[in-house]
Amino acid sequence: MVMGLGVLLLVFMLGLGLTPPTLAQDNSRYTDFLAQHYDPKPQGRDDRYCESIMRRRGLTSPCKGINTFIHGSKRSIKAICENKNGNPHRENLRISKSSFQVTTCKLHGGSPWPPCHYRATADFRNIVVACENGLPVHLDQSIFRRL
């Protein structure tokens, strides 16, 4: 009986180590995506907006070179990962069927250390994301296209 419990405990412990990532881990990547790229109701979309939001989101130590904020509903952004608002795009990416209001903040000046100065570009664009388990987890800056 003791040997049977030991084997059962061993199998249980091994099973814990071999299980796939939990939904909570998946949601943390989505949460990180939102923290870095989502701002539903921006207060202005100029250089001051960029400097303020980049600082508030912790993207200024060191100064991040470029970051894009998406202004739209979470539902429409998540829908890119489905056929509702997204199509396959290149390897493991999806492109939105509709355009989104975005603000891209680009570092202006030579130093990567604060104080960081940003230039804002406000636009409407289709966006390209990487998805995991039906949630956006990465915004692909390099293949944006203007409409």
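Numbering starts at 1 and runs along the chain as displayed.
Every residue gets a Cβ built from N, Cα and C, even glycine.
According to Swiss-Prot, the feature signal peptide maps to 1-24. Per Swiss-Prot, the feature pyrrolidone carboxylic acid maps to Gln25. According to Swiss-Prot, the tRNA binding site annotation covers Arg45, Asp46, Cys105, Ile127. The motif 'Nucleolar localization signal' annotation in Swiss-Prot covers 55-59 and rests on similarity to another entry. Among the features that Swiss-Prot reports, active site, proton donor is placed at His138.
With respect to their backbone Cα atoms, Cys105 (tRNA binding site) and the residue listed as 'active site, proton donor' stand 17 Å from each other. Look at Cys105 (tRNA binding site): DSSP puts it in a strand.
Put simply, His138 (active site, proton donor) is 11 Å from Ile127 (tRNA binding site) when counted between their Cα atoms. His138 (active site, proton donor) and Asp46 (tRNA binding site) are 24 Å apart (CA-CA, integer value). Comparing local CB density within 10 A for the recorded positions Arg45, His138, the maximum falls on Arg45.
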